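Structure first, then comments.
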Amino acid sequence: MAARKAMVAGNWKMNGSLELVKQMSDAINNVKSNEIDIVLFPPFPLVSAMIASGVSTGTQTVSENTPGAFTGEVDAQLIKELGAQYVLVGHSERRSIYKESNDVVAAKFARAQQVGLTPILCVGESESEQENGKTEQIVAAQIDAVIEKLGVAALKDSVIAYEPVWAIGTGKTASPEQAQSVHKFIRDKIASLNSDLAQGLTILYGGSVNEKNSELLFAQTDIDGGLIGGASLKADSFTAICNSAKGTV
């Protein structure tokens, strides 16, 4: 059985600058630890600078296609050649704003793995879905799209991030107990197909995580770290969150 390792990932979305890359990399290099993986996901123009700074780096999306006539898209192989290690797939903003379906997300997941990138599969329900008791149904469908395309074994070389859409950038956060319940559902679902894989799978929580709530969230049995939005743009906040993840897995 593979041992899980805590991870704190920062999604900069369409924010950041070369100066912020320097500030954040200096801060992160001071808190690096064998206990946790720290990864930043800057916008594409900052990826090379982030990699050069020595911080583990990923991209916020990737094309599901191989190279060709796809203006504005970026191929997974090129991302790999730059030296990035991770890619986000299925973030709720990609699903809602750019209408990426579960099938498209699964195709992006597959393309990332094909070239040796580690996909972080983002899953989560909207506020109305949560209010109507559909959280598990929605999350299961998002995971099943990948399993049906690639088989459960593909999840071995991936990370899952549970981000309830109603908590992203809203200041609302799932309680530690709410988040743990969904994380346990995800792990149990995968364990029903492959127990060892499920126990070794890193599952992150995202949704208005900050230095004040991260410790309680990360203390939950099935929460292995966080996918951080706004707080990943502030060195003090992000490093405090990273420190709170040490020793929790």
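For all residues, glycine too, the Cβ spot is worked out from N, Cα and C.
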**Message:** Quick check on the annotation: Swiss-Prot has Asn11, Trp12, Lys13, Ser208, Gly229, Gly230 binding substrate, so which of Gly54, Gly68, Gly169 does it put in that site too?
**Reply:** Gly169
**Prompt:** What are the non-local neighbours of His91 (active site, electrophile), defined as same-chain residues 6+ apart in sequence with CB under 8 A from its CB?
**Reply:** Asn11, Gln60, Thr61, Cys122, Glu163
**Asked** Given the recorded substrate site (Asn11, Trp12, Lys13, Gly169, Ser208, Gly229, Gly230), which additional residues of the same chain have their Cβ within 8 Å of the Cβ centre, ordered by sequence?
**Response** Ile168, Ile228, Ala231, Ser232, Leu233
**Request:** With H, G and I counted as helix, E and B as strand and the rest as coil, say where DSSP puts Gly230 (substrate binding site).
**Result:** helix
**Request:** Using all protein chains shown, find which of the binding-site residues Asn11, Trp12, Ser208 scores highest when you count other CB atoms within 10 A of its CB.
**Result:** Asn11
